[in-house]
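Structure, as structure tokens:
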Amino acid sequence: MSAQQSKDSFGSVSSSDQGPSQWEFPWGTGTLLREKISEWGHWLQNTIRWTKSFFVDVHPPSNTSGYATGSGASDTTVTTAPTSTRQRMAQNYLLIWVDESIDETNEDCQNTLTQLRNVVNDVIMCTQSDECIAFLDKHNDENVFVITSGLLAQHLIPEIHDMPKLAAIFIFSDNICYHQQWAKDWKKIKGVHNDIKDICDALKRGVKQVNQDSIPISFVTTTEVVSSENLNQLEPSYMYTQIFKEILLGMEHNHEQAINILTVCWRNLYSDNKSQLVIIDEFERNYRREQAIWWYTRQCFTYEMLNRALRTLDADTIINMGFFIHDLHHQINQLHLQQLPTYDSKPFTVYRGQSLLKSDFDKLNKTKGGLMSFNNFLSTTNDQNVSFMYAESASENLAMVGILFIMTINPRVASTPFASIKEVSYFNTEGEILFSMHTVFRVGTIKKVDNNDQLYEVELQLTADDDEQLRQLTKCISEESGGNTGWKRLSNLLIKTGHFEKAKELYDVLLKQPLNESNNVLYYNNLGYIKYCQGNYEQAIKYYEKTREIFEKPPPVLGISYNNIGEAHSQMGEYSKALSFHENALEIGEKTLPANHPGLATSYNNIGGVYHDMGEYSKALSFYEKAYEIFEKTLPANHPSLATTYNNIGEVYRQKGEYSKALSFHEKALGIREKSLLANHPSLANSYNNIGSVYNNMGEHSKALSFYDKTREIFEKTLPADHPSLAMSHNNIGLIYANMGEHSKALSFFEKALGIYEKTLPANHPSLAMSYNNIGSVYHNMGDYSTALSSFEKALGIYEKTLPANHPDLAISYNNIGGVYHNMGDYSTALSFFEKALGIYEKTLPANHPSLATSYNNIGLMYYKMGEHSKALSFYEKSLGIYEKTLPANHPSLAISCNNIGCVYALMREYSKALSFYEKALGIQEKALPANYPLLAMSYNNIAVMHYNMREYLKALSFYEKALGLQEKTLPENHLDLATSYNNIGTVYDKMGEYLKAISYYERALNILNISLPPNHPHIKTTTESVEIVKKKL
């Protein structure tokens, strides 16, 4: 929605024979920015408050839940096409080969590359060190091996050695003795070789270690203080992979069809890897379900791609390998049942050695006494020495900690199945015990080995424990992704985890099955939801209308359609249509659903969302609270929909200027989402965004930028390049740069946002007005007033067509247009626009809202400029009174108010009072703003004026020069602020009798004024007269 920006710089004039021209010392604040984002969930959808389009299953009218499903298509006939584009990585690692002499047309180079790809499929070639460094910086979440030539090694290795995910470095050079001498000082250098076969052998050992370390693990969800209440909460990656597993294990799989699709994918992925292509051919000819363990332990593509897919939740690979997961689990379970009598109910011990990143080891330490889960198929051994070797080897990486897991297994505990696989493994000489997915252990003693800070033993006990809260949440989400066939459940789960394109692909296939209207209602509805989440609101409405056309009855289904159509209209800025559809949905829900049904909460939330967009915050809060009351009674405490209501309530408080309350609610929302959602889920991005907006409102720009960057990173990974939420992210980052005075960066981000909005939104959408407004603000701050006025007027044109007459965003536009007229010297027109803005704020905002302070400040400024000093002082003091009650002690807006009051006292010739307020302003700014921020130049200027008026000319000159030095670094060469400083320094030199210097500075000022202002502007006349007066003194 809106976030305040300190932006409008306003000035004043005094004649040169009474003191320096003070054109730019009072500043006002005023640009509020709208932010639009969407959050995805089963019930609620967010636009910084959240509203919602559901995806739902349809159940029969007789069902007490109100929705019904028809007969489904057979699971064995629904298949998906292989992915057409090659994924970047097939394995848990990649290889970078850095050598200035790489030439892919050379036969020796091709042979070397072939040998390397037989070990590591993804080989990145660089001929310069900087290329390698740039690649590693960009892909810092991947495990990497590096081979470097001797010539480049000594420059490259110091730059990359300490990167946590760099697994090992190999030097490829004939000068072995020379490089071995210095290489011994770098732990990650694993050898100097002149034979590529030796490097390949070493790579194989490194790859085995990385595979051992790459198994995904979930720990207890911790807070800063670990309490007994959260010791049994596992992370969302556990929950979602568990549901994936349940769905895939419950489905029947057409093996022949699935193997054909999978091998096509594999051949595409391994197209340059001859050895793997041979194995793929073998798999296609010979695979049998009773050989699943043999293929898994072969540690070829089957092992590597499955582990990577389960670690990263790669939906394509998980689905395509679903039959293999099914077969592998069932073979382990079959062996488990056969072997169980041989254990004689006696506990036994197995071992596993691997490394953890230090950050993950810290989580493990905090987990002591709690639970941890291995979210993959887990390989262990009864040979402690073998496991210790892996742990000890892992500890050599300074970014890692080597762990020897000592696992006590009680066969009497009902848990994840496990089996000794020696007789069926590819490597049948090893004593390996293989567990199926999601083995949960209780964490026991954690102790250091041989006083080594990077090597630990950790005791684990296999447990059947689970967390009641987690089980409720998993059950709830599993039911929401329900359906009477596995493919429907899988499609719905893909939506829950943000894999929209894959879900659409499955629904498109399901729609081709034999006609069943009940099923088609579900498919069209959820396709509409997918398009909604992708920002294609018109297409979403078309799918939702198909749902409505099929089923005018039963009423609950019609209510869902009304709700979803309403939310799409809301996102398109068509608020009256949106409100009508949401009210129809509520009316149906109140007649057909129980009083505490979540569907009613959805309607309350979405109606609140429309009122929110219309600027009616009290009504919005009332409806959000109704939604919260229902969700609190019906959902688990960590359900994402509760986070949605916390978020929406928090956003209302932010709009009302109650930032501490807003931050509290947004942090509650974030806490739930971190416990219940995946790391890249868009709803997490929404929380980061909104917390960033609160910090921005509180003037803590560095914190705000950090949260906004987190938002952008998630959106760039999960959303289409032209999604409106990505535009919102660009907008908000631009806002921070604007607040920090970095105008070119701000303009770049604002223009990116506008480009997306112009492609995806209707011509009169409020988000377009927001972009025009923000771009206008940057041009305003850069002194380009005509361009600024054009942008502000575009924004106002849209707002007047789409918003109610008292909407706060209209006040923003009036305020900004007033600011431009002020800077163009038209004070009466400016005052008229500022008074329009104040009229809206007084009707719609609480008495202490910061936007009221902005309006009081700007009106005070106009009276100041028009010479009505007592009125100016009255409005400035109202502004300061609000800021002192609502803002932190070092907020920049407090400095602005102190400065402006100082200006009035200066004109009233009460210089000591004025100097006191100016110094207060400077003290705040020096603590709160970057060293080159333009407001600092204003304060230096104003303090200089007071010293000038007190005849302290050397002090005055010192502060004027500080102001000029900062402005020359940050402003365009013809900016009016530079003219102000040149003029003022000229005035001081005039008083000191240094007339030639005075004339020089006056003429610099006059050059800028002639370029930037109309010929009849009073500043030009004043400065021209000053030059003539000084010339007469020569």
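The backbone N, Cα and C atoms fix where each Cβ goes, glycine too.
Positions annotated as compositional bias 'Low complexity' by TrEMBL: 1-22. Annotation comment: TrEMBL describes 1-24 as region 'Disordered'. Residues annotated as repeat 'TPR' in TrEMBL: 521-554, 559-592, 601-634, 643-676, 685-718, 727-760, 769-802, 811-844, 853-886, 895-928, 937-970, 979-1012.
Stretch with the most C-beta contacts under 8 angstroms to the repeat 'TPR' (895-928), considering only 601-634, 811-844, 853-886, 937-970: 937-970. Helix, strand and coil counts under DSSP for the repeat 'TPR' (559-592) come to 31 helix, 0 strand, 3 coil. Mapped onto DSSP classes, the repeat 'TPR' (521-554) shows 27 helix, 0 strand, 7 coil.
Taken through DSSP, the repeat 'TPR' (937-970) splits into 31 helix, 0 strand, 3 coil. For the repeat 'TPR' (811-844), DSSP puts the residue distribution at 31 helix, 0 strand, 3 coil.
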